[in-house]
Amino acid sequence: MGDMGTTNHSEVTDFILVGFRVHPELHILLFLIFLLVYAMILLGNIGMMVIIMTDPRLNTPMYFFLGNLSFVDLFYSSVIAPKAMINFWSESKSISYAGCVTQLFLFALFIVTEGFLLAVMAYDRFIAICNPLLYTVQMSTRVCVQLVAGSYFCGCISSVLQTNMTFTLSFCASRAIDHFYCDDRPLQRLSCSDIFIHKLISFCLSGIIILPTIIVIIVSYLYIVSTVLKIPSTEGRQKAFSTCSSHLGVVSVLYGAGSFMYLTPDRFPELSKVASLCYTLVTPMLNPLIYSLRNKDVKEALRRILGGNIFLFISV
């Protein structure tokens, strides 16, 4: 089948993932970078989940949410990275139609879930700092489970809608996707359908996902900052800000790249690929590092599991 070979999306059997437009000699370097980053993602996020599950002192709402964040990071990066690494060595760089549908569905599911989890974590910090006496009541086990389940539910609904809209388009211009994974906007470029309504719905759906979660995060942190500034001791203020700074760093990277990718005109494909790297690989790699190196409880749990010598080596 040639690149110009179809008139209807039902006739497409596979796509070609173009990836990064660089010299072939650089493919080995890119493969090694992807491999290193993915190995750090696996080690960091699996390690974080093991620490949280094995240490009873971390049986709190904050670490319950953090464990789910690590789970989501692990799986959505695994949807993208292995196939991208394979394509650095592949001549065809093809992905089956079913594989493309699956990749888009799973990635949309986990990335949207992560956005809602970050909003939940901001709300959790708001309750812990602004209403500490009511924390155990307002963040009970039942409430925590409901918040996490709601995050996955919103991710699933969004993913079903996005995937269904994308793959009801007709693909007749080409089957070469100018990206390193199957994403909605590169697939739109291949369509010979009228995609105005599709783009409008996709933009609105992205706004519905991004804006409410950002509002929750911003409002939560406005209250947190207001409360922390009223703490008389400098040590108390530093401790409160320390528990929030890690979360804010993760939010900035994820939402900054996501907003650029989905809420701006699709004019610079190569720049979009770089932005995609921020939330497909960089954020999942940094999350466990940020939350572990800046978190005293996680450090102590790691020391109890691995022993004092390894802990001192990591702290250096």
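Keep in mind that glycine also has a Cβ here, set from the backbone N, Cα and C atoms.
Positions annotated as transmembrane segment by TrEMBL: 28-51 (among others).
For 44-291, the entry in TrEMBL reads domain 'G-protein coupled receptors family 1 profile'.
TrEMBL lists 63-81 (among others) with the feature transmembrane segment.
Residues annotated as transmembrane segment in TrEMBL: 101-123 (among others). Counting residues 6+ beyond its ends, the transmembrane segment (101-123) has Cβ neighbours under 8 Å at 62, 65-66, 68-69, 72-73, 75-76, 79-80, 83, 95, 147-148, 150-152, 154-156, 158-160, 162-163, 166-167, 181-184, 187, 209-210, 212-214, 216-217, 220-221, 247, 250-251, 254-255, 258, 279-280 in the same chain.
Per TrEMBL, the feature transmembrane segment maps to 143-161 (among others).
Feature annotation from TrEMBL assigns transmembrane segment to 200-224 (among others).
Feature annotation from TrEMBL assigns transmembrane segment to 244-262 (among others).
Residues 34, 37-38, 40-41, 44-45, 47-48, 51, 66, 69-70, 73-74, 76-77, 80-81, 107, 111, 179-181, 183, 246, 249-250, 253-254, 256-258, 260-261, 299, 302, 314 of the same chain sit 6 or more residues outside the transmembrane segment (274-293) yet have a Cβ under 8 Å from a Cβ within it. Feature annotation from TrEMBL assigns transmembrane segment to 274-293 (among others).
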